[in-house]
Each structure stands twice: as structure tokens, then as C-alpha cells.
């Protein structure tokens, strides 16, 4: 019986056809395989050539893409791995370079260039044990290899430096440890242990800025460095840089959203940030009362970190000055100035509060102090000039003092004060010539104050330090001559007849 005949004639014929097709396929592959291999090799060579050209042109990312394709096309070519590793290193991606260097060494154990390069990378990472193995392997094959000898000596120096730095740290000689670690970091710039130790020393010496500079790179030098992200967030928070503190603690939570320490710190920073941002929005919208409430809430949220208390006090000082509450503003601004004597804006805001209080001498003093701190600040320059004009003006005639009102009094308050004083100092109320003369003088001043302060343009000029009724200011300025809101000639003789205009 023929093979497969027991299964039926149809199945037997199908088997015969499959065998025939397989034989034909083998014949075709034998004919085409050399061409396919040649085509694939040509494509790999093309990728390598393009990679070399792009690398020479400094286009690293594009060159890397071609080397990726070359590695995929020929995964047994040790040189391709090595070349791709060199591009990774040029791009600063030493972690990606290490597997390629190791693969090149695996494919060709006597490839000394790859061993030396891997040893260099491991030394920069601070991995002295493995780096030593690579340098010794190079020297075993080539005892006179200068670079391997030099790097092995640097490796020994690094180990000694780290030991000495740790000993200095244990003795609480933090400055000494920092000095020793300078050389360790120079030899091993990608060594997280050296940077973390130096950051801790800076922190213990109170130099938060340098601690941050050392700690920040370690978040990339270690695969999962949540501790560094949390420490960075805490440092930024302590410096008052809450937006950056929030950004760093979020990076910690990206690595592990259930990290309890990071989440607890995140909630605190988030709450404070929201309060401060909301307060600033109120300030921009000139809703000063709401802003003050938010700043007070922020101080309750974080009473322990001085920088936030200082910031809140300074901004409350600003809000009180802007909302024309001079007495409260002077009190809060003075406290803010004591906490932060170098804050130009606190001095500016207190100066404005003094202006509202009519204390122009102190306003001038604050503006002068602010100018000493920031001589290029145009707002301070203009404020000083205005305060000096107001001080000079006050020594002549101050219409607010004449009416006995605040500098932020509204029109109704001005008219009310004018009516009261006009009735009190009406010349007909006095009998003796001397009393009448004094009453006339005061009455003229009262009327002039009402005229200036109820006219928006004239009042603005006066508030800027210029008396619109001062003859000195009218000369050559095209101003109108002084006139009074009633028919009265104070220098004439005879009976006086007054016609008041109280509107």
C-alpha cells in the first residue's frame, strides 16, 4: 500500500503537493539567498556610512538612529556596538553606553579599546571595583599601556579621597570634607555618593544653594532616587521657592505615588502654594482685603519657616498701603522691615503709607534708603522725587492739614470739613481788627483747600507735590491766576459780604 493510502486518495494527493512545493521553495532559496544576504549587508554598510557622516557633522541623534539600524541588521558586529556606545557617551548618556560596551567586549574579549572605555565610564560613576578589573585587563594584555596606568592611579586617588572625606565628615569637619571631595568629584563626576556627601556637608554649613547644586544631578545618577527628590523639595521649600519645591516632590511621586514621606510633604507644599498663588491673584485684581486674608492663612499653614512669614508680612504691608490704611500699613511694614531690612518694596510701601499720613520727612527717608539698596529702580526714584516735593510743599501750605482731613478723604468728607471750618472762621464772628485779620487769613486758606481738593486735576497735582495755587508754579506754566469760590476781597476795607458755594 502506498504511503498515506489508508487516509484516502484526497489526503494522499495533498501531501504529494506539499512535498513538491517545499522542494521548489528550497531550490528558489538556494538561488536567491546569496542575493538577499548581499542586499542586507549593503543596507547595513549604508547605515554605517550614513552614521559616520552624520557623526562627523555633529548630528548625533540622526547618527544614533542609523547605528540602531546597523545593530539590528547585524547583532554580532562588535564594532557597531562600540561606535553606538561612543555616540551615547558624546550625548552624555553613559547609562546607555555601558550595555553596548559590555556587548562589544562579550563579542570580542580582547577588544582593549572597549575595555578601556568601559573602565573610564565606571570610574566616572564611582564604580571602582569593576573599573579596576577593566584597567587591569588592559594592562595584562598591554603592560605598557599609558592611559590604563594613569586611570588606575586616578582610581586609587579617588578611593583615598572618599575615605578621607568620610573621616572628615565624621569629625564634623564639613569644610575640610568639602575640600577633599573637590578632587573626588573631579575624578568621578558621575559619582552620586561623592555629590551626596558634599551636599550634606554644604547643608550642615547652612549653604542651601550649594547643597542643591550637588544634590540635583544625583536624581539622574541613580535609577530611583526618591530620597534626593524629597530632599531637594524640602531645601527649595526652606528657601521660599515653593513652585520648585512642588515640582521636585511631584517627581518623587512619579516614581512611587504611594511614597508616604513624599506624599505628606506634597500636601503641605500644595496647600501653601495654593494660598500664596490665590493671594497674588487678589493683589493683581486689587482685592486687597481678600489678599490679606490669604496671606494670614499662609502664615498659619507654615508658621515655622521664616521666609514665608517674612513674605506674607511684606505683602500685607503692600496691601494695606494700597488700600489706603496708613496707620496699619506703617505698623506692619515696620515689622516686615525689621525681619527683612534689604527689601526695597517694603521701604517703598512704608514710604507711601507715610505720605498718606502726611509724614513726608519719614517718607523721604524711606525712599532714600530704598534708593541706596536699588539705585536703578525707577519707581523708587519717582517716589523719592514726589516725597521731596510734598515735604517742601508741606512747609508752605498743606491743604489736607488746613481742613484737618486724611490724604485719602473723599469729596463728601472734604466738603463737610470745609463747611464746618468756614462757619467757624467766618470773619463776621470776630470783633477786634486783629481777630478779623487772623480769621480772614484762615478763611482764605480754608477756601483754597476746598477749591484744590474738590477739583480732581488740581488735587492730583497737589498730591504729586505741586501746589496749583502757588504763584511760583503758575509762572511760565500758562496757569490760571488764583481765584476763590466766593466773592471776597480780603485786602479791601469796609464791611464784608460773603457768598458761599458749598457744592
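Each residue, glycine too, has its Cβ placed from N, Cα and C.
Keep in mind that TrEMBL annotations are predicted by a computer and have not been checked by a curator.
Here TrEMBL flags 455-464 as compositional bias 'Basic and acidic residues'. Annotation source TrEMBL lists domain 'J' at 398-466. Feature annotation from TrEMBL assigns region 'Disordered' to 455-486. The repeat 'TPR' annotation in TrEMBL covers 44-77, 78-111, 112-145, 226-259, 344-377.
Counting residues 6+ beyond its ends, the repeat 'TPR' (44-77) has Cβ neighbours under 8 Å at 83-84, 87-88, 90-91, 107 in the same chain. Long-range Cβ contacts of the repeat 'TPR' (78-111) within its own chain (Cβ-Cβ under 8 Å, at least 6 residues beyond either end) map to 48, 51, 55, 60-61, 63-64, 67-68, 70-71, 117-118, 121-122, 124-125, 141, 190.
The predicted model assigns the repeat 'TPR' (78-111) a mean pLDDT of 92. In the repeat 'TPR' (226-259), the DSSP tally of helix, strand and coil residues is 27 helix, 0 strand, 7 coil.
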